[in-house]
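Feature annotations, courtesy of TrEMBL:
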TRANSMEM  33-55  transmembrane segment
DOMAIN    33-456  domain 'Ammonium transporter AmtB-like'
TRANSMEM  67-86  transmembrane segment
TRANSMEM  143-163  transmembrane segment
TRANSMEM  175-202  transmembrane segment
TRANSMEM  208-226  transmembrane segment
TRANSMEM  238-258  transmembrane segment
TRANSMEM  270-289  transmembrane segment
TRANSMEM  301-319  transmembrane segment
TRANSMEM  325-345  transmembrane segment
TRANSMEM  366-389  transmembrane segment
TRANSMEM  409-434  transmembrane segment
COMPBIAS  469-484  compositional bias 'Basic and acidic residues'
REGION    469-493  region 'Disordered'
Amino acid sequence: MAAVPPPFNVVPIAYQGGTSLAVPDWLNKGDNAWQMISATLVGLQSVPGLVILYGSIVKKKWAVNSAFMALYAFAAVVLCWAVWAYKMSFGDKLLPFWGKAGPALGQRFLIKQAALPATTHYYHDGKTVETAMIAPFYPMASMVWFQCVFAAITLILVAGSVLGRMNFKAWMAFVPLWLTFSYTVGAFSLWGGGFLFQWGVIDYSGGYVIHLSSGIAGLTTAFWVGPRSKKDRERFPPNNVVLMLAGAGLLWMGWAGFNGGDPYTANLDSSMAVLNTNICAATSLLVWTWLDVIFFHKPSVIGAVQGMITGLVCITPGAGVVQGWAAIVMGIASGSVPWFTMMIVHKRWTLLQKIDDTLGVFHTHAVAGLLGGVLTGLLAEPTLCSLFLPVTNSRGAFYGGGIQVVKQLVGGGFVIGWNVVVTSIICYLVGLVVPLRMSEEQLLIGDDAVHGEEAYALWGDGEAYDSTKHGDNDDVEMRSRDKTASTGTTQTV
């Protein structure tokens, strides 16, 4: 006798709650799996993604220092996040832009259902609930870790502006201070239930919280630290372009978790976000390369990576709330506007010439992030907005919601202003305790002077190369052309 199939609406036992003490009724195993995978993908963007990219895109004598600044920041953020910073970003409201500090370490907190307490959204009467508090169907531990890797990559992006001269001890002090007094403010204000969240500013996955803030903070920190040595500014060839592409590839593929994980569930919106992310990144890469060919007559690999990153950054604030054709429009904009600011404006604006932003984080993250936020205010589609946003009538100006552009500009202005002021204060205070800048000897020698280690031992029987006897080997061994002189493309990320 044939077995009778179960009713179509019966959930298989493996996916049901209550199958063990570790599977409460509220747990959705699919959502929890996707959230942990997304967190891992974002973590891989930093370690090893940006560790590899940073260590490869800089001059050989700074490969170890650049990679280690990224690795150290990741580790430091993880500890600070769990001990106090998570609740400042996603806990109970202390101020309209800040949550109450506290540890996220006890099992009673970590194994209960995830919830972001300040995110209940009310109608204008202030009493009637419009959208309930965010409460995904997985434990707080998954939420804490997912948000942690976002915080970590933000500090690593800031590092990109000061590679090749910031005192590592100053960096060790800077990381927890900036996380505490800058990142947590942006995260709570826009994501954790703060005043910009409640007003309806759209930042789907970090165009403002991560990219605009890191770009502005990076430029500000670069101002306070001062420029690289004259020799490094004049010639700064990458030490391994192919390995740089490996790091860039991890960054691109990891963005599926970056944008796909931010609906806090594996749903329709996460699928749209992942597709739009790749459409925009691909379009932006192509446009940047075409512009390099048209104006400099050679396709630059580093330029292609820049275009890829500006596309990823630009789509991030609107990834799940715009249509596919809008992702192409955003890709065209992100491949051309940051290209113009980097190649044209940067060379004509005296202020930008004086501030040595090593990897051009201002252009690739601040400009692209703000651009994406404004374009989101134009192109956010109402139906998609209703799948994600707490303000149910949200829509871009293209669909009749002109006020959204105003909200996006105000949100961007707040992030810019806060980061300029707070980052400056942090740099000043750190500078009172330890020099922000390396010594002249360290600037001359590089990794061997700072860490007692070098990235490549290629002479004799593997012993370190003595640069004091033979001169700066980067200028002797590096055969790749100086991108700035030959193509007009700076070595930026």
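Cβ from N, Cα, C; glycine included.
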| Contact check, the transmembrane segment (175-202) vs the transmembrane segment (270-289), 3+ Cβ pairs under 8 Å, seq sep 6+ | no
| said: Please tell me whether the transmembrane segment (366-389) and the transmembrane segment (208-226) touch - that is, whether there are at least 3 C-beta pairs under 8 Å between them, with each pair 6 or more apart in sequence. | reply: yes
| Based on Cβ pairs under 8 Å, which of the stretches 208-226, 270-289, 301-319, 325-345 lies most in contact with the transmembrane segment (238-258)? | 301-319
| query | Under an 8 Å Cβ to Cβ limit, what residues of the same chain, 6 or more beyond the ends of the transmembrane segment (301-319), are close to it? | reply | 57, 202-208, 210-211, 238, 241, 244-245, 248, 251-252, 255, 258-259, 262, 272-273, 276-277, 279-289, 292, 326-327, 330-331, 333-335, 338-339, 342, 360, 363-365, 367-369, 371-373, 375-376, 379-380, 408, 483, 487, 489, 491-493
| What mean pLDDT does the predicted model reach across the domain 'Ammonium transporter AmtB-like' (33-456)? | 96
| remark: Outside the transmembrane segment (325-345), at least 6 residues beyond either end, the same-chain residues with a Cβ under 8 Å of its Cβ set are 275-277, 279-288, 290-291, 295, 306-307, 310-311, 313-315, 318, 352, 360, 363-364, 367-368, 371-372, 375, 379, 381, 488-490, 492
